[in-house]
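Read through the structure below, which is laid out as structure tokens, and then see the notes.
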Amino acid sequence: MALAAWRCGRGLGGVGVALTVWVCLSHRCSEWLRCCGGGEPRPRTVWLGHPEKRDQRYPRNVINNQKYNFFTFLPGVLFNQFKYFFNLYFLLLACSQFVPEMRLGALYTYWVPLGFVLAVTIIREAVEEIRCYTRDKEVNAQVYSRLTARGQPPAAQPWGRAAEWRAPPLLSTGSCFLRTDQLDGETDWKLRLPVACTQRLPTAADLLQIRSYVYAEEPNIDIHNFVGTFTREDSDPPISESLSIENALWAGTVTASGTCPRRGIELRSVMNTSNPRSKIGLFDLEVNCLTKILFGALVVVSLVMVALQHFAGRWYLQILRFLLLFSNIIPISLRVNLDMGKIVYSWVIRRDSKIPGTVVRSSTIPEQLGRISYLLTDKTGTLTQNEMVFKRLHLGTVAYGLDSMDEVQSHIFRCLTTGLGTNTGRTPRSDQCLPGVRRTMSSRVHEAVKAIALCHNVTPVYESNGVTDQAEASSPSESLFLPCKEVALVQWTESVGLTLVGRDQSSVQLRTPGDQILNFTILQLFPFTYESKRMGIIVRDESTGEITFYMKGADVVMAGIVQYNDWLEEECGNMAREGLRVLVVAKKSLAEEQYQDFEARYVQAKLSVHDRSLKVATVIESLEMEMELLCLTGVEDQLQADVRPTLETLRNAGIKVWMLTGDKLETATCTAKNAHLVTRNQDIHIFRLVTNRGEAHLELNAFRRKHDCALVISGDSLEVCLKYYEYEFMELACQCPAVVCCRCRGPVSRLSVLADLPVWSVRPAGDGGNDVSMIQESDCGVGVEGKEGKQASLAADFSITQFRHLGRLLMVHGRNSYKRSAALSQFVIHRSLCISAMQAVFSSVFYFASVPLYQGFLIIGYSTIYTMFPVFSLVLDKDVKSEVAMLYPELYKDLLKGRPLSYKTFLIWVLISIYQGSTIMYGALLLFESEFVHIVAISFTSLILTELLMVALTIQSWHWLMTVAELLSLACYIASLVFLHEFIGLGKQPMGGAFDVYFIATLSFLWKVSVITLVSCLPLYVLKYLRRRFSPPSYSKLTS
């Protein structure tokens, strides 16, 4: 958010106010600019000390994950319903009944079912929107304070409103830290510097007394760069300073004084996400396709009926009447049953005690969980815990692991308490370690540990009772800001004897094992950037006056900076292969004259107007030469619990996992092996770095010759391949059992991978803000609630608390949801086709008359109270127990081919429906020839019994609710015959028949109905037995 509170590191700046530009640039820029009268994204100027220019239009400072608002909800829901053929067909069907010539029955027989379908959908969407609104409101309700010249308001204000506060005393410090975890997934705290001229202001309130303005560039999605200027007009001469990414804050950080040129939908974090949308799964599209086939059958049957009449009379009107007469071929209850089934599946997932905390935020696509072929997963925070643990210190000739840290501690103690450091408050002089002088192991270890303790951006913050206090507060609890990797290093130096006790913008204090305080002055600080991949610091030892330049960074850049050695590359590779994140630490001693010369050139470069960044980098690089290599450090991001068995389960289920990470190639490869993403006996093809089309072509040819091997590719090479050989590369990559994409940073890079994978088969999983766009763009996304915040979780369709829960979510709930919906949809179609087949036989016998066989209550009751509960009870059916589904993930493979709902199974159910409908109707006509007036009651009773028996035939594992549903439906039908025989009677039927209680109680009626029912059902039971006997399904042995 734009106006959040962000917290300044204590002691980081002198007296003065830091004017830090908070840059949060736009999403939906075109929307906001149109409402403000503009047509194109444009820069913005924020004025200080100019009250007449402060009336600017800003977007609302809120997040919004809702698909609709108050005015678009009903039109949007209705549009999403009627844009598909299924619902549009029934809308046109119901509207046709307003035409007298086309009316076949009461209006309620058409409008009540359609209204019920729409009511269920609207209520479900409303509940999801309310839940989404509640989650957004919780985030938007966080309070903030705003720096202004007016008095202090009585209470803080929520983010979405403009609060006006006088600056509190806390805001008188300088630099601050921020995290970009919601942008690029990095949980590192990053240092941000204030504008120099405002740092000299006496108090925070003086910030509002100056006349100045901040210019911010137009909104864009680049999260690593910013262009702007700060101009102070009331100084003589006017001061103008360039603003870069070092002066920019991001949304979601914690308090300071500054200006806010962008907020709300202009945030860059929001720009990198897509608009929420209503998702529809592959299963629903397949059902929609089947309804189109049924509509084609409906048209054909109607034309055949009219053709058999030789197109006599007003034949075109007869076609329309037959279309309405056989409209039951497409069941309107199908949508109701499926939607209610989705609600049941979502409820079951939320109530599963074995995956606690799981949230279903999109209840329209639970079946999609059973159709996943590719899983795109983030690494940090998703597969790993995002908790860095120091594992190794390597000095070239010797390495110290966790089991030998006591040796490091003894070396530090010896070095600081012997002749190398006998004076109080003095550090061992580095002139005893000059080239040509053989250093002791203790001095080498001490130099390495001291470099690690000084070269970082970590700041200790002391808190007491939750309120920031001074360092000397009683019983303080210490916490550290900045990168988790750096925190792990600083905590390790504390464990071996050198403790960071204080730091501000100009000094660092270390405590030795003997409780001595070592003071260092910070002369220069060079923060880490994505371009440089290193950070450096120049400090002066106050006890000796020595000036030392310390630097640490990635091995790929440090290899060309340090002095020649024969072990750096080899050991970096070894540590990376163990899954450790490696940093190279080096130093360089500087003479006073050498530093003064550097400082003069550095200040001159910073004052340059043109190419300032390039000139500054050139000056710093002049110092980064022939540095002394001190050590290598290795930290490990431990895997989450049960990641290995979960990935193995997914692999056995036929799901191919793609891991996207920003780590270096060796670390990503090792993590993939360690997590069992790549099996031990599986070959790995490392895609060589390519920069142009020719190199990509050669490497793709080499890759094509490999078979059944995992692919490891860098983000840069991936972009080149997708640019020139998109189809060829994706064809080869999709054949790999696993893919690791390293150096894949930012939302755009990950979105490009998703865009080229096969539609409907991809399921992204992530926990950070950089995964949001990938999750939203996919047709089924899961968010993991981790240390990178809840942004990915809130934007996902399904939210889990741990990665291991993904296995049960797919193997159990995904599989059950898909198989249940497949059985439910086909049975509902079968139920409607049966009655349509009976209508076709009835019309054929009576000279192709367009007269309905059943009317009014019977039509509605057939698909509701008489058969609804048994049919809907199929949502409780399951072929195997959940424990078996988890133990044998190979069962999931059968679903990937879509066999539970296919054209083959659909055709089988159509043939069954035609057979049973024809058998019932012809059987009724044959056996009840003498009692022809009772034909409707006879055939309808046989139809109800047949449907109840077919439900029993379809069920694979009985639930007590299924038995209750069967008995309840049968009881309802018998009760309606006894007590409602006049209401459901057929006096208005063309045959003049009615439900005669005395007639249906006769023995002749009972045994003839039983015979018709047995003839329609018994062959199917025999076929089912023979199929299980000679061609059993894959799960049959597991259930026996």
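Glycine too: its Cβ is placed from the backbone N, Cα and C atoms.
Owing to the predicted nature of the structure, the values given are computational and were not obtained by experimental measurement.
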- From the ranges 76-97, 934-955, pick the one that TrEMBL records as transmembrane segment. 934-955
- Please work out the number of neighbouring Cβ atoms within 10 Å of the Cβ of ASP378 (ATP binding site), leaving out its own Cβ. 29
- Note: vs the transmembrane segment (289-309), the recorded stretch with the largest number of Cβ pairs under 8 Å from 106-127, 828-848, 906-928 is 828-848
- Message: Contact between the transmembrane segment (106-127) and the transmembrane segment (934-955) is defined here as three or more C-beta pairs under 8 Å separated by at least 6 residues; is that satisfied?
- Response: no
- Lying 6 or more residues past either end of the transmembrane segment (106-127) yet within Cβ distance under 8 Å of it, the residues of that chain are 68, 73-74, 77-78, 81, 87, 90-91, 93-94, 97-98, 332-333, 335-336, 339-340, 342-343, 363, 855-856, 859-860, 863
- Which stretch, 315-334, 854-876, 906-928, tops the Cβ pairs under 8 Å count with the transmembrane segment (828-848)? 906-928
- Within 10 Å of the Cβ of THR380 (ATP binding site), how many other Cβ atoms are there? 24
- Message: Please report, as numbers and ranges, the same-chain residues at least 6 past the borders of the transmembrane segment (315-334) whose CB is under 8 Å from any CB of it.
- Response: 86, 89-90, 93, 96-97, 101-102, 104, 113-114, 117, 287, 291, 294-295, 297-299, 301-303, 305-306, 309, 825, 828-829, 831-833, 835-836, 839-840, 843, 850-852, 859, 863-864, 868
- Item | Mean of the pLDDT scores, which run from 0 to 100, over the domain 'P-type ATPase N-terminal' (51-111) | 77
